[in-house]
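Chemist: Starting off with a structure, shown below.
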Amino acid sequence: MVSNMKLAHVILLLLCFYLSFCKVNCARKRKKVVTKLEPTSGSDTSQEDLVEKKCLTEKYTHLSCDKVFCQPWQKCIDGTCICKLPYQCPKNGTSVCSTNGKSYPTYCQQKSFECLRPEAKFLKSGACTGEEQFSVSLDRGNGDSEGIVEVKLVDQDKKMYICAKSWSLTQANVACLDLGFKLGALYIQRRDPHINSPECLHVHCRGSETSLAECTFTKGTTSRSEGLAGVVCYTENAVSPTNDYFQCVNGKHISQKKTCDGINDCGDQSDELCCKGSEHPEIKEETEMLTADMNAERKRIKSFFPKLSCGVKSSTHIRRKRVVGGQPAEVGDFPWQVAIKEGEKINCGGIYIGGCWILTAAHCVRASKAPRYQIWTSFTDWLNPDPQIVVQFVKQVIIHEKYNGTTYQNDIALIEMKKQPGRSECVLLKSVPACVPWSPHLFQPNDKCIVSGWGREKDNKKVYSLKWGEVHLISNCSKFYLNRFFEKEMVCAGTDDGSIDACKGDSGGPLVCTDANNMTYVWGVVSWGENCGKPEFPGVYTKVANYFDWISLHVGRPLISQHNV
C-alpha cells in the first residue's frame, strides 16, 4: 500500500485504531528498540500489582466487546465480537482487492469476508487487475522464524527492508501473523545494514491487521546507527514458562514486566485489558496527554462520518427518589427526558431510547395500567409549558420478568408508545434518544454524570420545573447499603456532601454520562435510596448496560445499537 492511499480508506483505518485500542490503554513509555526478551530473575511484584486478578479469570481479549470496541466488520453478541456478513457493512467507500483475486466495494466488506474466510486477505486499495503481488519474508536469519524483515509492495518491482526507526512490536506482530506465526512476535531486533545508508520503508500499523499489506508504507533511508528492522517470531518452543511469565489468553507466554505497559505484547491484548493503572507519575502524565490527543483526533475522524442519531443534545423505607439541590433545565438540555403521567399526576420519569420506546423503572409502572399512562415529551415546566409538548399514548408496558419489588433487583421496564394515526412510526418533536450502553466498562468510578427529574426537594417542597445535577459514579455501594446493593444490577452515584441527589418523583428518570465524543448514554435508571440529600446515602440506579440484551430483545438491536451492530 502506498502513501497516497485514498482519504476514505485512511479515515476508516484510523477510526479502527482509535476505537479499539485507545479505549483500553493509551500508549505508555517504552524503549524504542527491544533487542531480546530476557526472563527475569525473580517475580516482579510491583508489575503483578498492576493486574486485576479477578478480571484475568474472564479471559478478555481483543474480541471481548465488554472491554473493547469491535471492528467495523464485526458486531457484538453476548460480549464477543463476531463477524458481520459483508452486506451489513456500509456500501459507500473505496474498493479494495483481496488475495483471492476478488474486488470488494469497501474495506469493511473485504474484512468481513476475511473474517469468515481468513485466507482471503487484504491486498491493495482499488480494484484487482490480476497482476498484484505482495510478499513478506525474513532475510539473514538463523531460521525460518527470525531475520530482517523485507517486503515487496504491490506497486514495486523489488523487495525492500523495513527501517528500524519506525519498527515496534505492533508492526512485528502483524508481520509474524502475515508469515503464518499465529501468536505474533517474540521480540524485535535492530539489525545493521550490510550497505551504508540503504533505502528502506517506514511502516505504520494499527495492530489489528492480519497482513502488512494493510499497513501504510513510506520510503525512507537508514544508517548504520539506526539500522534495519528485524524480528524473532513466536514459536511453541520460544519460551519456557516459569513463574516469572504472564500467560496470554491465546497461550503465548511473555515476561511479567511486559504487562500493563500499553503495548500489545500478547497479540490478543490480554496483557492490557485487566490493568489497575500505573503508579508512575511520568507514565500517568504522558498517558493523560496522549488520551486528550487521541480523543481530539477521534472526534475529528468521526466528523467525516454520518452523524449518530442518539445521545446528542439539540442545545448545547420508601425508595422513590428526587433531584435534590439541582439546577433548572432549559428546553433542549435533556431531549431524552420524558414524564410519565397517570391521571393528573406525574410520579415518574423515563428515557426516550428511540422509535416508540421509553425506558423507565419497573416500580413506576404496571402492565395492566398501560391504557392509563401518557408520555409527555418536550416538557420542562409545569407553570410555563412549552406549546410544542407532545403527548403520546401507551400501547404496552414490559416489566423485567425478574423484577423483585422487595430488593429492587432488575428494576427496569420498557414502555411502547402508540403510533399516531396514519403514521408508520412515532414522531417526537424536539426529542433525541439517549444512547444505550452495551458494556459495563464504558464509564468508571469517579466519572461525572448527570441526573435529572421533577422530584421534590429535600424539604418535600414540590418542584414545578425539570431540574438536573452533576454527580460522580461510586465504585461499590455495599458499604452504604449492606446486603441490599447488588453490584451486577445496580450502580450508585452522588456527591461527597450529598448536595445533589435523586428523590421522590425522579424514579424512572435518567442518570446520563457523556463520553469523549459528546455522546450521552443512559447509564442508570433512578431506582431507590435512603435519606436523599444527605452524605453517605448515594442514590441507587439500575445499571442499564447489564440489560442491553434484554432491551434489544424487545425493541430490536438495530434501534439501540450505535456501535457494534
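The backbone N, Cα and C atoms fix where each Cβ goes, glycine too.
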Chemist: If you check TrEMBL, which of CYS215, CYS233 bonds to CYS205 via a disulphide?
Modeler: CYS215
Chemist: Quick one: which of CYS233, CYS260, CYS266 does TrEMBL link to CYS248 by a disulfide?
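Modeler: Answer per the record: CYS266.
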Chemist: So of all those disulfide-bonded residues, CYS248, CYS260, CYS266, CYS275, which one's Cα sits nearest to CYS215 (disulfide bond)?
Modeler: CYS266
Chemist: For CYS266 (disulfide bond), just count the other CB atoms lying within 10 A of its CB, please.
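Modeler: A count of 27.
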Chemist: On the three-state reduction of DSSP, what should I expect for CYS275 (disulfide bond)?
Modeler: strand
